[in-house]
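As annotated by TrEMBL, domain 'FAD/NAD(P)-binding' applies to 3-172. Positions annotated as FAD binding site by TrEMBL: Ser12, Leu41, Ile77, Trp364, Gly371, Val372, Ile373. Positions annotated as NADP(+) binding site by TrEMBL: Arg202, Arg203, Glu214, Gly371.
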Amino acid sequence: MLRVAVVGSGPSGCYTAQSLVQLDNDVCVDVLDRLPCPYGLVRYGVAPDHEKIKSLQNNLRTVLEHERVRFLGGVRIGPDGVPGARLRELYHAVVYCVGAATDRHLGIPGEELPGSWSATEFVSWYSGHPDFPEHERNGAPDHDGFVAGANSAVVIGVGNVAVDVTRMLARGATELSPTDIPQGALTALAASRVTDVDMVGRRGPSQARFTTKELRELGSLPDTEVTVDARELELDPAYADPSGLPAPQRRNVEVLRGWAEAPPRAARHRIRLRFFLRPVELLAEAGRVGAVRFERTVPDGRGGVTGTGRYEDIAAQLVLRSVGYRGVPLEGLPFDAASGTVPHLGGRVLREGAVSPGEYVAGWIKRGPTGVIGTNRPCAKETVTSLLEDAAALARRELPGDPLTALRADGVEPVEWPGWQSIERAEAQLGASLGRGVVKLPDWQSLMNAVHGSAH
Ligand code: NAP
């Protein structure tokens, strides 16, 4: 029996485990995660109001409940946990599916001002990620730190995460209450006075990264007006004649054209989509961010933009920098800093250009933070195909026994599937006590209390 460790239980980890057990009856898989909860970005990245995408958890659940798959949560791989080298001793093969754990930086003055956050932090907060650094105000957790004191927000970037955070800022309690959003984030967003959100791209509408379905959804938000300035759209040469654009971009441009031509109407929330503005500085006001300074850009004819030396300040007491995720190096694994990925050949990890036996990657750490959840399926399958080609050679090495026994002997106490099920029960109970559906537990203490069966 080939024993494989999959590090990370997000979509790429689950699809890797699924392919492994589907394609080979002689494989068993441990899916390890540093959190006690599975599903990675499906649980902690997909916005709570996207319930249909979230329901993918049900598909991933069937993978983790497969008889030859074990979920081992609460196991950190790395220097402050189980070293990667130890994992390779315990398993015939290790597949790293650790995603892209951090966010890209703008590298402009004022980026660290209070009130300026990465979209990742905001997403982690409303998703109840237990690592979200809790803010203290007068010694108490400051749950409404994001929106408190803000009436306008700027979202930098025009990808799907930018659309998610913009939409969440315009959502009210009625729409969020039926979701699994943690109670603290719900209360804060319900009390939010943010009425104006500018979502700003440095290039033109035909280069925006959002998908049309997500873009259109902004136009269907209750009591929300979406505006676009036709003069900005016209700076894009493809706006006058979009027929040469690939279909997804052409559809985006048509949605934007519709908004640019729509008559103004009164609404509580205004979302403005802005283009050809590149952020150059975050400006302070009363000790926190007060505005973002942008330089007007124009197309350079090669898909990029050049600055014009003309500037525009957009007022905002909340700035969300949504400029993409980034992979982080893993102790003991090679890493290409330029792309934020692990060098590989068909999913086989490459060390100084040579295949490293028994080490594989799948998902964002393999190909970078692009694509939708389903993109991880073929990506995982490619890696698994490589691994199974190597299986005969890998299985020749004798292992010390059941890795779980060895991990326990090393002092590691994984959260197994029943532990996760206790968390699910506690979240259902919490929701019932609040008159809501399932409500996420947003901190380590309550998650671990649930695992160990104590009251939270
Ligand atoms: P993304 O799609 O890569 O978009 C990043 C945005 O940031 C782009 O508009 C980019 O502009 C901009 N940007 C980068 N550096 C910048 C800078 N220095 N100054 C100003 N703007 C800058 O990343 P993402 O939105 O984080 O999404 C990551 C992946 O998750 C994507 O594949 C996305 O589709 C997926 N996702 C999907 C969903 C969904 O399906 N509902 C939801 C969330 C995320 P340039 O193009 O000019 O570089």
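Just so it is clear, glycine is given a Cβ too, placed from its N, Cα and C backbone atoms.
Please treat TrEMBL annotations as automatic predictions, because they have not gone through curation.
The model shown is predicted, which means the values in this text are computed figures rather than measured ones.
On the structure: features taken from TrEMBL.
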residue: Ser12; record: FAD binding site; Cβ within 10 Å: 31
residue: Leu41; record: FAD binding site; Cβ within 10 Å: 21
residue: Ile77; record: FAD binding site; Cβ within 10 Å: 23
residue: Arg202; record: NADP(+) binding site; Cβ within 10 Å: 21
residue: Arg203; record: NADP(+) binding site; Cβ within 10 Å: 21
residue: Glu214; record: NADP(+) binding site; Cβ within 10 Å: 18
residue: Trp364; record: FAD binding site; Cβ within 10 Å: 29
residue: Gly371; record: FAD binding site; Cβ within 10 Å: 13
residue: Val372; record: FAD binding site; Cβ within 10 Å: 10
residue: Ile373; record: FAD binding site; Cβ within 10 Å: 19
Compare all C-alpha positions of Arg202, Arg203, Glu214, Gly371, the record's NADP(+) binders, and send over the largest distance in angstrom.
21
Report, in whole Å, the straight Cα-to-Cα distance of Val372 (FAD binding site) from Glu214 (NADP(+) binding site).
12
Checking the binding-site residues Arg202, Glu214, Trp364: which ones have Cβ within under 6 Å of ligand 1?
Arg202, Glu214
For Leu41 (FAD binding site), just give me the three-state DSSP call.
helix
Measure from the CA atom of Arg203 (NADP(+) binding site) to the CA atom of Trp364 (FAD binding site) and give the result in Å, rounded to a whole number.
24
Between Arg203 (NADP(+) binding site) and Ile373 (FAD binding site): CA-CA distance (Å):
26
How many Å separate the two farthest-apart Cα atoms among the FAD-binding residues Ser12, Leu41, Ile77, Trp364, Gly371, Val372, Ile373?
26
Does DSSP give Ser12 (FAD binding site) helix, strand or coil?
helix
Please state whether DSSP places Glu214 (NADP(+) binding site) in a helix, a strand or coil.
helix
